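Here Swiss-Prot flags GLY7, LEU8, ASP9, GLY10, SER11, GLY12, LYS13, THR14 as ATP binding site.
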Amino acid sequence: MFITFEGLDGSGKTTIVQKLVEKLLEKKPALSFIVTREPGGKNVRESEKIRELILDKESRLSPISEALLYTASRRIHIEKVILPALKENKLVLCDRYIDSFYAYQGIVRGLGLSFAKQLTEMVIESTIPDITIFIDITAEQSEYRRNVSRLISDRLDSESLEFHKKVFDAYKEVINLDPKRFIIVNGLQSIPEILDEIVEKLFQNKKFDEWWKNN
């Protein structure tokens, strides 16, 4: 079972993933799972080096160079982390994945959604998420949270409000391409409320519910 998490910076994805694991372990202490992220990956040296290059404030990358780096990092991540875990029938929780790439590189960076999808399909094989959870906050809310938490720490965080507004709109466009895969959660709620909503909607999802009962 492969679940990805998407949303603007400051939406709380990383915290929510960690807290969701805790809630699921309460229900099933023997749950077999991994938590990973993109760009980079869980204990993947090569992908993490690419992540550092992409996010370095000193990096000056063209959109195509940035896209190719993301794609290379993703392929390594899939080979070394995601596919092995899925073959063992583990629950894979990933903070960002292909939908970030479609929104940021395909739409906002101007490479084209078709090009981004073609590039992605070359490397992901069958590793399409079963479920994608989108934590829904606006660009203004994202900027406020990042400023309050001082999360302006890398090249993408330091982009303008206008850039993040475009990313928000791009995400909505991406979601509309495959709406059945997405669980959209109101990110303005408290963390406990967000978690309760996610857990409720996960167990209402037939694919997740069947996996849970059989593992």
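Backbone N, Cα and C atoms are what each Cβ position is placed from, and that goes for glycine too.
Here the features listed in Swiss-Prot are placed on the structure.
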{"residue": "GLY7", "record": "ATP binding site", "Cβ neighbours (10 Å)": "25"}
{"residue": "LEU8", "record": "ATP binding site", "Cβ neighbours (10 Å)": "24"}
{"residue": "ASP9", "record": "ATP binding site", "Cβ neighbours (10 Å)": "20"}
{"residue": "GLY10", "record": "ATP binding site", "Cβ neighbours (10 Å)": "22"}
{"residue": "SER11", "record": "ATP binding site", "Cβ neighbours (10 Å)": "23"}
{"residue": "GLY12", "record": "ATP binding site", "Cβ neighbours (10 Å)": "18"}
{"residue": "LYS13", "record": "ATP binding site", "Cβ neighbours (10 Å)": "21"}
{"residue": "THR14", "record": "ATP binding site", "Cβ neighbours (10 Å)": "13"}
Margin query: What is the set of residues, excluding GLY7, LEU8, ASP9, GLY10, SER11, GLY12, LYS13, THR14, whose C-beta falls within 8 angstroms of the centroid of the C-beta atoms at the ATP site?
Written below: ILE135, ILE137, SER142, ARG145, GLY187
Next item on the list: Sort THR14 (ATP binding site) into helix, strand or coil using the DSSP assignment.
Entry: helix
